[in-house]
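Below is one structure, written out as structure tokens, with a few remarks after it.
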Amino acid sequence: MSERKFFGTDGIRGKVGSGQMTPELALKLGWAAGRVLSRSGTNKVIIGKDTRISGYMFESALEAGLSAAGLNVMLMGPMPTPAVAYLTRTFRAEAGVVISASHNPYYDNGIKFFSNDGSKLDDNLELEIEAELEKPLECVESHLLGKVSRIEDARGRYIEYCKGNFPADQTLTGLKIVVDCAHGATYHIAPAVFRELGAEVIAIGDKPNGVNINDKVGATSMAKICETVLTEGADLGIALDGDGDRIMMVNSRGEVIDGDQILYILACDAKARGVLRGGVVGTLMSNLGLDLALQALDIPFARSKVGDRYVMELLKELDWRIGGENSGHILNLDHGTTGDGIVAGILVLAAMRRQNATLEQLTAPMEMLPQVLVNVRFEGEHDPLSSDKVKAAQAQVESQLGARGRVLLRKSGTEPLIRVMVEGDDHNTVLAHANLIADAVKSAS
């Protein structure tokens, strides 16, 4: 496959106004995508965005480019990424476009595409779009220009879809839940979903102003929701990221429940109901505790590369249904085509109701092993991971850890960093092992 120039593993992303994320590129990208997508004969594309102030600019540019290529555009306004995937399917659109940089700060933004079935756009189509980007923009004839309309009931449609994933004979009455929307795309969705299911909801991170998305709130900044759960005496907390495709949770003790623990809950619940197909897909960063806990239940576990795109690829290859990342991207292919933080939260709450159990009780059998991650910066073309010294240090640590530990060394995909991850039974021992390997990497750099 040819090397992609613009598209990364999750679309195009960067700092607004520099590099790739300019209105000029967005205009041309809309046109190029329109040229490729119109070949199928369908001429309808949906656009959604998160709450970044730059979203207005990129929405207008994409809209103009798609229209210039002859495609009709349907605007959703601020809506979660999984809502775009869902409504792309239900409106029988040729594609969905999301303007978001997910959990990044407000000054970043990104553009990613979904195919007509609500899954990430095929690599080959992205390459075709990149090829069109190299050509001069040519507008279709005036009578063929695309029209633009707005989906006025997008919010209500998606709320009903989310609620449909909760058992019809159950309610959340009696539960007090803190919901953190990260000042992002779920601010007008998530609190309503859980309230309509019967819960008492305390919403935080629900007042976006264009520049506060993910700012000390949301799934990547858990301190505020942990504190709020404790001060409000809530039963649990649900934290979403800026575009709503990621979830972290908090139990009544103010302890964070991460993506690995959520996967464990969902797998146990599916097995108990006899609907678990195959096993669970995690990533190279998934805690060894998840692997061991699933082994104890005879549930197969497989690891993909880091990234929800790779989790999805392995799920499809194995024909399994449940997978995700410890960072909170949760995939359940019986309930959607992409990571959906709200739906994942609903599925956990459904498991709690079915088993009449708390979050603490559902996660108790899974022992999270201490995990230490050390980032080591390197310069030049030399690969420190090929060093005999680094290999020797890794072998020494793996020998000492045995079956109750794990070492992972990998290069960052975005920075000149080697990530050293070590897991084991004792935090201090794991920290010492990680520093030993990190020192070897530094000396080899």
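Just so it is clear, glycine is given a Cβ too, placed from its N, Cα and C backbone atoms.
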Site-mate of Asp241, Asp243, Asp245 for Mg(2+) in Swiss-Prot, selected among Ser102, Ser386, Ser387: Ser102
Rounded inter-Cα distance in Å - Asp245 (Mg(2+) binding site), Ser102 (active site, phosphoserine intermediate): 8
Distance from Ser102 (active site, phosphoserine intermediate) back to Asp243 (Mg(2+) binding site), taken between C-alpha atoms, in Å: 5
Distance [Cα-Cα, Å, rounded] between Ser102 (active site, phosphoserine intermediate) and Asp241 (Mg(2+) binding site): 7
Candidate with sparsest Cβ neighbourhood (10 Å radius) among Ser102, Asp241, Asp243, Asp245, the listed recorded positions: Ser102
Environment of Ser102, Asp241, Asp243, Asp245, the listed Mg(2+) site - residues of the same chain whose CB lies within 8 A of the CB centroid: Asp50, Pro80, Thr81, Ser100, His103, Gly184, Ala185, Leu240, Gly242, Gly244, Arg246, Gly339, Gly341
